[in-house]
Amino acid sequence: MSKDEHKLPLSKRKESIIFMMILFAFQVFMVVLFSVWVRYSKNEVNYSTLTPEQLQELEATGGVVQEEVTNIYGYFRDINIMIFFGFGFLMTFLRRYGYSALGYTFIISALVAQWSVLIYGFFETVDHKNDHGGDYASTFEMSQTVLLQGLFCAGAVMISYGAVLGRVTPLQMLVVGIFEPIFYFLNMFIGEMNLEAIDVGGGMYIHLFGSVFGLTIAWFLTDKKSKDCEDNSPSYTGDYFAMAGTLFLWMMWPSFNAAIAPLGEPQFRAIANTFLSLTASTIATFIVTRLFGHLGHKIDMVHVQNSSLAGGVVQGCLAHMNINPGGAIGMGFLAGVISVIGYLFISPFLQRRFNIQDTCGIHNLHFMPGFIGSIAACIAAWKGLNDRSLYNPIEFNQIFRAGEDQARNNAAATFISIGIAIAGGLFVGMILKALKKVGGLKAKQYYQDSAFWHVPIDYPKDVEYVVEQNNLPMPTTDNGDNVVGGGVEMKKHNNNNNKKENGYRRDLIRLLETLVRNEQSTDSSYSDSDSSDEEEKERRIRKLAKKSYRRSKKSHSEHQPQHQPEESTFNNNNNNNNNNATAETTDNGGSSTNSPTSKV
């Protein structure tokens with residue numbers, strides 16, 4: 001291959017240059033502003049006036065700064081693990097998109113963590129002036145809590161990324177990482193700093209906002225080619241890694257909800273309520289996924305990876321409130337049930353009716369549980385205002401900062417969060433759609449690392465490569481554990497057109513039946529089928545084979561077959577006996593170079 005053939009297309013080179021220039025300019029901008037405006041948090045004491053005893057005590061305790069480090073750093077570490085490891089690995093389920101899921105999570109979260117310090121500092125400075133008057137502060141003190149706010153914002157951006165996973169370029173994700181934090185902290189400025197709404201774990205500001213923002217930009221990036229892409233499917237190994245992300249998120253979620261809760265009883269309640277809610281949502285997930293499971297009450301790994309976390313999301317707003325342990329379990333169970341139902345019914349409806357393709361199902365994991373938790377916080381606030389015996393005087397003032405208006409303010413903040421997320425998503429979505437002209441993904445590059453990453457030799461092969469090697473359509477597995485072969489472009493040639501279409505159709509369907517049987521013989525999901533279902537299985541196999549042929553023929557009708565498969569590929573003994581031909585091909589599928597295997 002010549003040197004020129006290794007070069008990126010012109011549009012991709014433009015995208016790469018623009019990406020690097022923006023990222024470099026951003027970093028220079030950060031260096032300048034952090035140097036000029038940001039200062040470390042420090043103990044507000046006049047050391048010259050302290051007595052030796054006071055200096056010794058300050059040296060031993062570390063003062064206010066050390067107290068904050070002691071109280072917060074453990075949570076800061078756990079949330080770091082959640083953002084960079086948990087969210088990253090949770091999105092590695094796609095068969096050919098692991099590098100991008102982890103890599104984009106890494107770079108964009110790091111960028112957002114820096115950028116958030118400045119944006120939060122700006123709104124904090126404005127709020128301080130509104131409360132205390134005077135001039136704007138010339139510097140901003142960066143504390144451990146400010147760094148924590150940057151991680152929270154990165155979590156919202158990663159939630160939005162889940163909706164468009166596999167359909168964005170690095171440049172598009174960079175735009176999301178720069179603009180979404182602005183809308184995120186604007187929403188916090190209104191809801192947290194002015195309305196003083198209750199939201200200890202980001203149920204509104206992170207989950208609800210991030211999911212609505214992501215679904216809005218997904219509307220701009222959804223097209224027929226991305227919806228029909230064969231690579232928008234999980235792999236067995238990818239699901240392993242995604243489940244690792246789920247487990248880390250599950251274990252660390254109590255820290256996420258308790259990090260900024262008031263010390264003492266409220267912080268303990270935040271940990272306990274979140275943990276109990278997570279256990280309940282996990283139990284609910286296994287119940288509902290088996291109840292509605294494919295092919296005889298089978299467990300769906302997609303549901304386990306995502307819906308088991310819904311209990312942590314639903315507690316986001318009110319985890320530190322006195323809602324009773326039974327209430328926490330009930331909320332978690334309800335969130336788990338609704339999340340699984342969302343994956344089964346609501347996501348397909350959104351894609352079909354509203355043209356919103358939600359790759360990771362953030363609507364089901366973040367939007368619905370987040371909205372339920374936001375409404376529950378309004379109810380809990382109303383109950384707490386009417387029964388003050390639930391809280392001691394200190395924690396009551398810490399939780400109910402808006403006083404008698406707390407329930408109304410929480411309701412207002414909920415819908416303001418949705419409104420700002422939609423407005424911000426529309427603005428950013430239009431930019432992302434315009435950027436599709438600058439190195440945007442082609443139809444064959446959706447859900448593939450190879451578009452922007454160097455990939456190793458064992459990178460999962462492209463469907464067209466498999467077809468080229470076998471001269472036959474390659475079946476894939478859809479969400480229903482069914483084997484299909486639609487959307488495959490077969491390699492053609494111009495020399496062998498003398499056979500009629502009907503004969504080719506018959507042989508191709510016969511081969512597809514064989515491939516389905518091979519897949520079933522090696523797939524444990526079929527190993528426990530009852531013998532009484534053989535007739536139904538045979539009917540389904542033939543139906544799938546015919547459907548695969550029709551889809552392949554319809555999608556690529558302009559092409560002609562490169563060569564006709566040899567008769568021996570389809571029938572090792574007798575061309576007139578379809579059943580014997582299928583059996584022979586199944587038995588000898590691994591011994592002939594011309595017969596495709598069920599594993600490529």
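Here the Cβ of each residue, glycine as well, is placed from N, Cα and C on the backbone.
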Checklist entry - To which residue among ASN46, ASN306 does Swiss-Prot attach the annotation N-linked glycosylation site? => result ASN46
Item to check | Shared topological domain relative to the membrane, SER100 and LYS436, Swiss-Prot | outcome: yes
Next on the checklist: Please tell me whether the transmembrane segment (74-94) and the transmembrane segment (241-261) touch - that is, whether there are at least 3 C-beta pairs under 8 Å between them, with each pair 6 or more apart in sequence.
Outcome noted: yes
Next on the checklist: Please determine whether the transmembrane segment (241-261) and the transmembrane segment (362-382) are in contact (criterion: at least three Cβ-Cβ distances under 8 Å, sequence separation 6 or more).
Outcome noted: no
Next on the checklist: Can you work out which residues elsewhere in the same chain, 6+ from the ends of the topological domain 'Cytoplasmic' (95-102), have a Cβ less than 8 Å from its Cβ atoms?
Outcome noted: 88-89, 165-166, 231, 233-235, 238, 241, 447-450, 452-453, 455, 459-460
Checklist entry - Looking only at residues six or more beyond either end of the topological domain 'Cytoplasmic' (347-361), which have a C-beta under 8 A from one in the stretch? => result 90-91, 94, 162-167, 214-215, 218-219, 221-222, 226-227, 232, 302, 306
Checklist outcome for this item: If one takes Cβ-Cβ under 8 Å and requires six or more residues beyond its ends, the residues near the transmembrane segment (412-432) are 168, 172, 175-176, 179-180, 182-183, 186-187, 190-191, 195, 197, 199, 204-205, 208-217, 219-221, 371, 374-375, 378
